[in-house]
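A.B. asks: What TrEMBL records for CYS89 is active site, nucleophile. The [4Fe-4S] cluster binding site feature in TrEMBL is assigned to CYS324, CYS470, CYS521, CYS524. The annotation Mg(2+) binding site is assigned in TrEMBL to SER371, ASP433, ASP434. Look at TrEMBL and you will find 89-308 tagged as domain 'Glutamine amidotransferase type-2'.
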Amino acid sequence: MAAAAAAANLGCCSSEKKLFATYHQKPSQKPLSFYVKLLQKSIFSTKSPSSVSSRTGTVAASRNPIAELVVNGVDEEDEGGADRLREECGVVGVYGDPEASRLCYLALHALQHRGQEGAGIVTFDAGKAHAHTGLGLVSEVFNTSVLNKLPGATAIGHVRYSTAGESLLQNVQPFVAGYRFGSVAIAHNGNLVNYKALRHLLEDHGSIFATSSDTEVVLHLIANSQARPFLSRIVSACEQLEGAYSLVFLTEDKLVAVRDPHGFRPLVMGRRENGAVVFASETCALDLIEAAYEREVNPGEVVVVDGDGVSSLCLLPKRPRRACVFEHIYFSLPNSVVFGRSVYASRREIGETLAMVAPVECDVVIAVPDSGLVAALGYASKAGVSFDQGLIRSHYVGRTFIEPSQKIRDFGVKLKLAPVKAVLEGKRVVVVDDSIVRGTTSSKIVRLLKDAGAKEVHMRIASPPIIGSCYYGVDTPSSNELISNRMTVEEVRRFIGCDSLAFLPLERLEGMMGEESQSFCYACFSQNYPVPPRELKLDHLPGFIVQS
């Protein structure tokens, strides 16, 4: 690829083309550091964002301050959700389709499992950004009337979880910012480990923040950068970020996708038959909108899509890939291809491995739906035991419900999981789940199965014991709340009340990854962090909830 040609596609002047060509030939240099001086001179202060009560708005592509669409609101905590690891975000980008907002809406539906507390879409049309964000599921936030107000052939979208039990609309992405050269929208999957330091530095130079999201830091870094053109601003901002980020940016004429140099979080690119380019966190989103999968966005890569086509520049410093292995254990859908590997195949192999390393005499194998299903199928197949549905999941439970005045034991779990007595009664049952976090939900499930008549309950966990918090975009409790960090396997077994308990050994998980084993992040199982968490997780900033 000719770097000068790529620079031409970005509308660079001749001197800027030379800079891009020079860097392309010397990838070991610190990108753009020879002409970008961040926050050291000519830093201007962004104005305080204006807040409006409407969730839909139009932002002119001019010298606007950060344009947030704010409505105060609090979402109820999902009963039982505190005992599950939660992926915090999913992102989508569409370029070159007149139905961009609707395609984005459908793709977000496919990524709903990555975030269920808020959703948003931003489009550009005739030089203006059109945005709609809201709390709730994608189907609750958007309807035909709303999508009709999001015109244009380009769009980005986002689904999110909050890192605490509350959600605030001002933290729902995509974010839109106006700066002196136009407007830009951003959606982010990941978490920045140097968020506090960057925020404090920006605030010291006059920046005013409208949210508690680390994503807003990226917008301020772009606005404050002295680099030209826009791509250089993105690169100068990303050079200062530490941690995990898969980002999509949208301007009036460009869609840009960026992945952090370690490649912690997934990001893939596809193309529809009409030539429209699509980016998404998982291939399942591409499948739904009939976009053919082309490839991953590589770690450290910046992909630009504009009127001249697709340009790919590796402008960020190269580091060892550290893809999140939990995407294959739990976060991603089984029908996705993540980090170049089939999620379904990974989970099936995990179940088969569990059957080999932790066999037990049993009559039936069941799963904790839905995340334990494929691993349970693998376990049953390798063990030569029948698989059956011993737990039926209700898909019609909302985020809030009214409990009876007289407390029913394990009410939250019973509301979502119903035991099948015909499968369980008098049986020795192996139940496969993806992980154990605090242990409270697992103990309720064991009681549920035994109350339904199970003679024995043997828990098999499709991951190693979780002993460390994640700092790269996963909502994980602090280490002292993780049951496997405080107890031995036998102590955990006694706590949850099962007859036997076994986890997938870490060395077997690494072995499953084959030659790519060293390219995955296992920090939640080992506490060996590829990017040291220099800052502890923020629980609160005044008036806000921290969210990536």
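Backbone N, Cα and C define each Cβ position, glycine as well.
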A.B. asks: Which is it, of CYS89, CYS324, CYS470, CYS521: the one of these recorded positions whose Cβ has the most other Cβ atoms within 10 Å?
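C.D. replies: Going through CYS89, CYS324, CYS470, CYS521 one by one, the largest Cβ count within 10 Å is at CYS324.
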A.B. asks: Report, as a single number, how many Cβ atoms besides its own are within 10 Å of the Cβ of ASP433 (Mg(2+) binding site).
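C.D. replies: Within a 10 Å radius of the Cβ of ASP433 (Mg(2+) binding site) lie 22 other Cβ atoms.
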A.B. asks: Once SER371, ASP433, ASP434 are set aside, which residues in the chain still have Cβ within 8 Å of the Cβ centroid of the Mg(2+) site?
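C.D. replies: Everything else in range on the chain: ILE329, TYR330, ALA367, VAL368, GLY372, ALA375, VAL432, SER435, ILE461, ALA462, SER463.
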A.B. asks: Tell me, how many other CB atoms lie within 10 A of the CB of ASP434 (Mg(2+) binding site), whichever protein chain they belong to?
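C.D. replies: Taking all protein chains shown, ASP434 (Mg(2+) binding site) has 24 Cβ neighbours within 10 Å.
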A.B. asks: Can you list, in sequence order, the residues of the same chain other than CYS324, CYS470, CYS521, CYS524 whose CB lies within 8 Å of the CB centroid of the [4Fe-4S] cluster site?
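C.D. replies: Close Cβ neighbours, site residues excluded: PHE264, VAL325, PHE326, TYR472, VAL474, TYR522, ALA523.
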A.B. asks: Would you kindly give the Cα-Cα distance separating CYS89 (active site, nucleophile) and SER371 (Mg(2+) binding site), rounded to the nearest Å?
C.D. replies: 18
A.B. asks: Select the most exposed residue of SER371, CYS524, where exposure means the fewest other Cβ atoms within 10 Å, treating these as the binding-site residues.
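C.D. replies: Selected from the binding-site residues SER371, CYS524 on minimum Cβ neighbours within 10 Å: SER371.
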A.B. asks: At the level of the C-alpha atoms, what whole-angstrom distance separates CYS324 ([4Fe-4S] cluster binding site) and the residue listed as 'active site, nucleophile'?
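C.D. replies: CYS324 ([4Fe-4S] cluster binding site) and the residue listed as 'active site, nucleophile' have their Cα atoms 14 Å apart.
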A.B. asks: I need the CA-to-CA distance for CYS524 ([4Fe-4S] cluster binding site) versus ASP433 (Mg(2+) binding site), whole Å please.
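C.D. replies: It is 17 Å, counting Cα to Cα.
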A.B. asks: Across the domain 'Glutamine amidotransferase type-2' (89-308), what does the pLDDT come to on average, as a whole number?
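C.D. replies: So the average pLDDT across the domain 'Glutamine amidotransferase type-2' (89-308) works out to 92.
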